[in-house]
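Below: one structure, written as structure tokens.
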Amino acid sequence: MTDDDPLNPTGIDAGADTVNDHDRTRYLRTEEIPETAPEADLDWQTRLNETIPTSKRALTYLVAIAVAVLWIVPFIGLFMASFRPLSEIIGGWWHVEGMTFTLENYYQAWDYSTAPMGRALRNTFIVTIPAVLIVMLLGVMAAYPFARFEFPLKTTLFFLILLVMAAPPELVAMGNYNALHEFGLFDTYMGLILIHIGWGLGWVVLFLRNYLLGIPEELEEAARIDGASRYQIFRTIILPLSTPALVSVAVIQFTWVWNAFFFPLVFMRSPELYLAPQVLPLMTGRVQVEWGMIAAGSIMTMAVPVILFLLLERYYKRGMVAAVAD
Amino acid sequence: MSLRDHFDAVTADTDRADGLAVDRDKAIAIAVFLIPGLTLFTIFSVAPIVYSAIGSFYSWDTFTMEHFVGFDNWIRSLTDPLIVNWSNMREFQYPMGALTHNLLWVVLHVPASTFLGLALALLFADLKGRRILRSMVFAGFTVPPIVIGLVLMFVYDPQAGIFNEFLRVIGQGHLVRNWTQSPQVAIYALIAGGIWVHTGFSMLLYSSALSAIDPSLIESAKVDGANAWRRFWDIIWPLVKPVTAVVVIMGIIWVMRMFDIVYAAGGAAGGPNHAYSVLGIEVYRAAFRPQIDYGMAMVVALLQLFIVAPLALYIARMR
């Protein structure tokens, strides 16, 4: 039951169940307990028939599994290609007989001459981790007044946030390019981190504000009566209570910053500073596309967000749905 | 006289003096919470947009603003064949211009991924293991889009690509080609890839709407003898309809921002002879590739915003 609805895991079903449970678990008095164990209401034949899905249902399962597998075939291909020599990839990765297993592609991508993947992945971590942590902190701080207080220009700020969320990243590239040159931060980690923070704050503030609106105000009032300051309330009540939303923010923001291609392309120009997504398109050579190396590099780049997604899937999905649908 | 009244009497005259102090405390607290975030947001998001809006009316010497030229940049950009190529559109020959390509994405990609998303959400709705099935379809949305672009090149490769192998197996070997590099069909190949990635997101939104439906409603409709078709139109559709607006608008926003996939497949030119270039690619080329034309880059980026902004505000108003 709990595996289903990402927003509201305990549905109407759960409510009905508790009522039934209550009735069922009413204790019997000693004299009410029968001498023999109860017999099954249904013989095994009927039960078996009920457990095995009907042919229509089996067909649904078959179609569903086929569709899901079909959906990841391109990724299976990429994965297979990353472990095989180029000659076998050209012949088709789907021929599995006589398959040669090699890590050569990974070594090659890791030491790729223009911009080694090892260094590129390290750069991506250097940019992504601060960009995520700072956005979380500043985001929840800014979201708190938006959820609780009235202040001048609130509506205007709200409108600006929505406008920025709709804007394509290309729109801020020109202004930021000149600004970073002005600040002397062009082609540095710090410059790219700041741009990611400024760009991500809009949706983070809006998302966290919606979440904070759902936290009952009575808790804070009680703390205020006990003499807690607004900062203490923020630290001891708001921050702990918004942890689930902050995890969602962290996962989604991490994926976005890690996957971002346009910002690094514009703002990171020295090959030593290239991020992983930036290196991948460079690997498509002119004469023969090095599929093995590209596949290995792609697998290494996508592994981080995909593993994060699989680990924190619930937070990711809940955040995605809440970010756009609430 | 109760204790309560005592308190009221004592606090009544101090209230007014305290009120101001409380207000000041509160104002300071609001400022402390807001200012760090808002400063970065203003410098790196709002200011560059304002800068582009102003800059689109000025002439540029590479990266330096020069003087006011009115609508010059706008007229020059909107009549540029790279943005809208009227003569090729009349003959239905690619390239038809980045704006046209973007709108073609909207027209083909958005309905298809919305429909497929709903279909998959319904298919997986009450199966055991639906979480795994959904994650398999959704996983592509968490992969860097640049990798998606490279995967598409791989899938459509004439020798190594499984799509061409599929054509050979079903006896359509004459259709085999390098799909992402053939100007007249490449855009459709990429749109198919976009649908493949984006359906997972639409499915996720529909799934959460479907799981909010009370199962007893559907059960009672079944008892009343409503068939699957009637159950869908009378119960499910009215309840998931509001989500459809969000799915469609998010789809349009995603498509209008298209950059990485096209760049991976076609480089900064957007395919051979710009065959499937999109607005994002044109902004990048105008701003950061030689013949730098900042004015045009700003106009095209604003054009992207104008198409999407009313839709985003519409979502905000729905809340």
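Note that Cβ sites are derived from N, Cα and C of the backbone, with glycine treated the same way.
Please treat TrEMBL annotations as automatic predictions, because they have not gone through curation.
Taken straight from TrEMBL:
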- B:99-315: domain 'ABC transmembrane type-1' (DOMAIN)
- B:28-54: transmembrane segment (TRANSMEM)
- B:103-125: transmembrane segment (TRANSMEM)
- B:137-156: transmembrane segment (TRANSMEM)
- B:185-206: transmembrane segment (TRANSMEM)
- B:235-256: transmembrane segment (TRANSMEM)
- B:294-316: transmembrane segment (TRANSMEM)
Inquiry  = Ranking B:28-54, B:103-125, B:185-206, B:235-256 by the number of C-beta pairs under 8 Å to the transmembrane segment (B:137-156), which range is first?
reply    = B:185-206
Same-chain residues near the transmembrane segment (B:235-256), Cβ under 8 Å, at least 6 residues beyond its ends = 102, 105-106, 109-110, 113-114, 117-118, 122, 194, 198, 201-202, 205-206, 209-210, 212-213, 217-218, 221, 279, 304, 307-308, 311-312, 314-315, 318
Note = If one takes Cβ-Cβ under 8 Å and requires six or more residues beyond its ends, the residues near the transmembrane segment (B:103-125) are 96, 133-134, 137, 187-188, 191, 194-195, 198-207, 209-211, 232, 236, 240, 244, 247-248, 251-252, 255-256, 258, 278
Query = Hey, which bits of the same chain come close to the transmembrane segment (B:28-54), Cβ under 8 Å, at least six residues off its ends?
reply = 298, 301-302, 305
